[in-house]
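Step one of this worksheet: look at the structure below.
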Amino acid sequence: MAKDLKFSEDARQAMLRGVDKLANAVKVTIGPKGRNVVLDKEYVAPLITNDGVTIAKEIELEDPYENMGAKLVQEVANKTNEIAGDGTTTATVLAQAMIQEGLKNVTSGANPVGLREGIDKAVRVAVQALHDISQKVENKNEIAQVGAISAADEEIGKYISEAMDKVGNDGVITIEESNGLDTELEVVEGMQFDRGYQSPYMVTDSDKMIAELERPYILVTDKKISSFQDILPLLEQVVQSSRPILIVADEVEGDALTNIVLNRMRGTFTAVAVKAPGFGDRRKAMLEDLAILTGATVITDDLGLELKDASIDMLGSANKVEVTKDNTTVVDGDGDDNSIDARVSQIKAQIEETDSDFDREKLQERLAKLAGGVAVIKVGAASETELKERKLRIEDALNSTRAAVEEGIVAGGGTALVNIYNKVDEIEAEGDVATGVNIVLKALSAPVRQIAENAGLEGSVIVERLKHADAGVGFNAATNEWVNMLEEGIVDPTKVTRSALQHAASVAAMFLTTEAVVATIPEPDNNDNPGMGGMPGMM
């Protein structure tokens, strides 16, 4: 396939147009008075959202050079979302500001490599300064504030705070769609372990790349399953029941894995295979935990059991199982309550007896998985469109609160980035390196400027006043008042702010040091130039 090339200024300007198109669509959503963006969805109702990464993912531009620029900013949003789970709009605004300012300097003759060095130096100082002003999240109320700010909804903040209170900061919290109008929180018994599906073809939701199984049977074994014939008699019994099955084994490979995937794709039955969690003796113990939770019998040589002789009554079951590429969550297992209580007591006794810190930690993990719960936030709304938008906001808010617990909080609304302005300004540098530092300095005020403009105000005036305000004092765009952001509960997780700045700077530096761009020339559409009629198969 033929390629087209652009060099230096032509290349960068073409990509900049793409950066601006994507960033301009995303940045209208930032702040309490940010707007929504409507995304066209084939075959279903349009999606209305203010989630930066969701908007960024939808944008595909016709011009290949513009599209490459847009994809770079998409990468900023994706990486920030991956690391911190929120802050994607802030990251996009920062990236656009750095790229625009940097490009002006490159066009004026600055050396891009020197600019990159200055950008890197400034970001290192900025990140350290953010950590220096960061405050720990101390209580349930502060967790609720973080969630409320992220979702722009106090009620959502309370639900997330309650969920984290019930299952712990590292507990499993899932978000589901409710059939009613109200959003509810419920905690159900569940277990999560860090093993995902063995093939992506096992997913039931290709958009989210997850497998959701309702009322599945659960096979628990420490054996390696290589031959499909070994599990065929058991699967035939499962097929007759019209229920899905989760297979937890040492490994599913060879023709066993191939046939499971083929039958899943044909719709014969739904089966998801995951590797058993843990290693060695710990793996055996965790499989026994899972078996007790779900009412299964572990198919193991220790009990003299063979897979080909296994019957359906040896399988466990659960109300729901969710499997991602990295994790499996079993919700509401059908195990006997007395057996579960006895197992919990046994693990507690082992924790008391052990002298090893490592063993104690692993036993406590097992106890949490067995005795702990899964908190489910059931999202309600008046329409499907509102439901999807609300669900996205809650997912962002949950990620934000977890990030806040991990690294603390700073003043929100972009205030913290302006508060660290002086620290970055103190960096001693010369020439193009100093120019690189100035690129970051100018970008630090971009989120506040955009939040003010989305509120219908003059961004430059707000930024100038903020630079001279006391630390922590910022502009509340929701009420148009100057307040102490931390006291008012207008906060951002340090991790979110830090990640947004780091990823924006990384992509901006790559953009500025780009000297050539290679794009694929689209092939002409044959329908535009229909050939002469002829016999089938003839040229």
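Using N, Cα and C of the backbone, Cβ positions are placed for all residues, glycine too.
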*For the ATP site that Swiss-Prot gives with Thr29, Ile30, Gly31, Pro32, Asp86, Gly87, Thr88, Thr89, Thr90, Asn476, Ala477, Ala478, Asp492, which of Gly147, Gly413, Gly431, Gly436 also belongs there?*
Gly413
*So which one is it: of the binding-site residues Thr29, Thr88, Thr90, which has the fewest other Cβ atoms within 10 Å?*
Thr29
_Based on the record's binding annotation for ATP (Thr29, Ile30, Gly31, Pro32, Asp86, Gly87, Thr88, Thr89, Thr90, Gly413, Asn476, Ala477, Ala478, Asp492), what whole-number value in Å is the widest Cα to Cα distance?_
20
*If you count Cβ atoms within 10 Å of the Cβ of Asp86 (ATP binding site), leaving out that atom itself, what do you get?*
32
*Neighbouring C-beta atoms (10 Å sphere around the C-beta of Gly31 (ATP binding site))*: 24
*Would you identify the secondary structure of Gly31 (ATP binding site) according to DSSP, in three states?*
coil
